């Protein structure tokens, strides 16, 4: 791409995964399958929970919010990924900023939501007698509102910090979507404030929330180990193990990506890591959260076979 001034920049180009046509076809099928799985799986979770009165509990309320975030993340990122595998993947300057804002909003909100979900499990297992009071419907709505609003505010600040930057060099983004670290690498203006704010936001949204989540699970595990019956332990672990797997995968990959902007690299490993939390996780979440969930499976069967 020829160097162009920021004043005339109207388009960016997203880098392809590979140039080999056969591998591109394989990747297209892979990402299309993930797209369908994410939309269908998360849509199914929302439908079943909405239609089943016995699932109108705090745990499933937060799961609906997680599914909504996964759907938004999927439709924000994957269509452009699929386009890049069959045609030149251009995106307008405004479109890039929009994708950056929406993705950062969902990413930040999901990290906060994991802490809320861990807190819910902590109250359910460690303080069951006070659970109904401490996790009432009003508290659930307040937590969800805080999660979505804080994620939006964080994304708005980080996106607005990009607006004053000038882009006087190449307009090829070495990534498969517009993510803040990869876009900052194209700026010929100083990005020190952007880098610092990105790291601060990541340490708050990822580091602090990961610490809170692990602390909650520390109390949960200690409480489970005190349960005498093997069946009781198994049931308690089953309600938490899925969430713990998702949290560990998500936090580790996001922390890796957003602590790296100051390091200035965007290689194949970065793309693989990004694929994990932008496409694979939203596709697997429905399976992880429902595969061993008897309540959900029973409600799903009732929805399919009402008689």
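Yeah, the Cβs are placed from backbone N, Cα and C, and that goes for glycine too.
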### Query
Among 182-203, 204-225, where does TrEMBL put the label transmembrane segment?
204-225
### Message
Same chain only, please: residues at least 6 beyond the ends of the transmembrane segment (140-167) with a C-beta under 8 Å from a C-beta of the stretch. Say none if there are none.
### Response
4-6, 9, 58, 61-62, 65, 97, 100-102, 104-113, 116, 119, 180, 183-184, 186-189, 191, 193-194, 197-198, 201, 205
### Summary
One stretch in 22-48, 90-119, 271-291 has more Cβ pairs under 8 Å to the transmembrane segment (204-225) than the rest, namely 90-119
### Query
So what's near the transmembrane segment (271-291) in sequence-distant terms, Cβ-Cβ under 8 Å and 6+ beyond its ends?
17, 31, 34-35, 37-38, 41-42, 44-45, 63, 66-67, 70-71, 73-74, 77-78, 81, 103, 107, 175-177, 179, 242-243, 245-246, 249-250, 253-254, 256-257, 297, 300
### Summary
Counting only residues at least 6 beyond its ends, the same-chain positions whose CB falls under 8 A of a CB in the transmembrane segment (22-48) are 16, 55, 63-64, 67-68, 70-71, 74-75, 78-79, 81-82, 85-86, 279-280, 282-283, 285-287, 289-290, 296, 299-300, 303
### Query
Taking residues 6+ outside the transmembrane segment (60-78), which of them lie with a CB under 8 Å of any CB in it?
31, 34-35, 38-39, 42-43, 45-46, 49-50, 99, 102-103, 106-107, 109-110, 113, 116-117, 120, 140, 143-144, 147-148, 176-177, 278-279, 281-283, 285-286, 289, 296
